[in-house]
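*Asks:* Dropping a structure here in structure tokens format, bear with me for questions.
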């Protein structure tokens, strides 16, 4: 029976954060995971002496009733540094501000598990600082930044550690854009309009509150930046390579999401034409992120695929990533749910377990 104890500090109790906490508190393990901090923007639960917070499954009520203000991040680092046991910080937010403190956490020996893409897809200097592997640094795991709980990042890191070399990666990295193109461009002829599919996707909750945040391609660009960097391409930033936006120029600046959706149908013509051209070649349209390690090139945009291609037969909002390496000349294909609270939280919890095993 292991006597290993790790202290877990959690920031964010939203949709993913809630699923993570429920999974963490229900988990059975030979390692003891003590929840010592639970923080939201304004209020928090904090154990000053690092004894486990006695909240159990009632953590929501305990947090809602708390009158303790959330510590500024510098103060939080100073507090966690004094922990007698190793600390894992779990950031379940998408905050760029919190991500900006990751290097400080890590340099103070605090490990990080997170689905937050911001730090890993920002400037290259931050990436290098986070993975400098200084012996006193905390560990950094971010499986859920690409493909939610799918084992994409862990697979890439593992094969590279064993001496394999990534040659090409291409894939459908966005659950939202997967759904939209799977409905819009099919092997069976259809008259579905792009604008109508976007409206349905929003109704079903697949898109961000403002669908332009999906259609601008930046979310895919961030994910491609991450897998590109892992594969050895020094991608400067998500805006340093070609990213095709699906937002018609005149609609980029309209004030509201409702106005955008209302006017989107005025611009269906170009994508309808592209769909028809693809159909005459027995192909479908998909929104793809690509990395070519040999040419150090990265891109995001619409591509055509034969009806027989794995990307063409995709259903729903699945992600699918194809990875070609020196050893895997026939590409490895990883497919499954690339979004959703439960699978994302499981990806984060898996990272917490991996870190704990190394501490």
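Cβ from N, Cα, C; glycine included.
Pulled these features from Swiss-Prot for this protein:
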- 223: active site, proton donor (ACT_SITE)
- 13, 15, 16, 41, 93, 340: NAD(+) binding site (BINDING)
- 16, 60, 93, 94, 117, 340: NADPH binding site (BINDING)
- 16, 93, 117, 205, 208, 340: NADP(+) binding site (BINDING)
- 143, 146, 148, 150: Na(+) binding site (BINDING)
- 208, 219: L-homoserine binding site (BINDING)
- 290: ubiquitin cross-link (CROSSLNK)
*Asks:* Roughly how many Å lie between the Cα atoms of residue 117 (NADPH binding site) and residue 13 (NAD(+) binding site), rounded to a whole value?
*Replies:* 17
*Asks:* Starting from each candidate's C-beta and looking 10 angstroms out, tell me which of the binding-site residues 15, 16 has the most other C-beta atoms.
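*Replies:* Highest number of other Cβ atoms within 10 Å: 16.
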*Asks:* Based on Cα coordinates, which of the following recorded positions are within 10 Å of residue 146 (Na(+) binding site): 15, 16, 41, 208, 223, 340?
*Replies:* 223
*Asks:* At a 10 A cut-off on CB-CB distances, which of the binding-site residues 13, 41, 146, 150 has the highest count?
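*Replies:* Selected residue: 146.
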*Asks:* Between C-alpha atoms, which of these recorded positions comes nearest to residue 60 (NADPH binding site): 16, 148, 205, 223, 290?
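*Replies:* For residue 60 (NADPH binding site), the closest Cα among 16, 148, 205, 223, 290 is found at 16.
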*Asks:* What does the structure give for the C-alpha distance between residue 208 (NADP(+) binding site) and residue 290 (ubiquitin cross-link)? Integer Å is fine.
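*Replies:* Checking the Cα atoms of residue 208 (NADP(+) binding site) and residue 290 (ubiquitin cross-link) gives a distance of 23 Å.
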*Asks:* Of the binding-site residues listed here (148, 150, 205, 219), which is spatially closest to residue 340 (NAD(+) binding site) when Cα positions are compared?
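*Replies:* Checking each of 148, 150, 205, 219 against residue 340 (NAD(+) binding site), the shortest Cα distance is to 148.
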*Asks:* Once the chains shown are all counted, how many other Cβ atoms turn up within 10 Å of the Cβ of the residue listed as 'ubiquitin cross-link'?
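*Replies:* Summing over all protein chains shown, the residue listed as 'ubiquitin cross-link' has 19 other Cβ atoms within 10 Å.
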*Asks:* Starting from the Cβ centroid of 143, 146, 148, 150, which together make up the recorded Na(+) site, report each further residue of the same chain whose Cβ lies within 8 Å of that point, ordered by sequence.
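*Replies:* Surrounding the site, in chain order, are 144, 145, 147, 149, 151, 152, 153, 319, 338, 344, 347.
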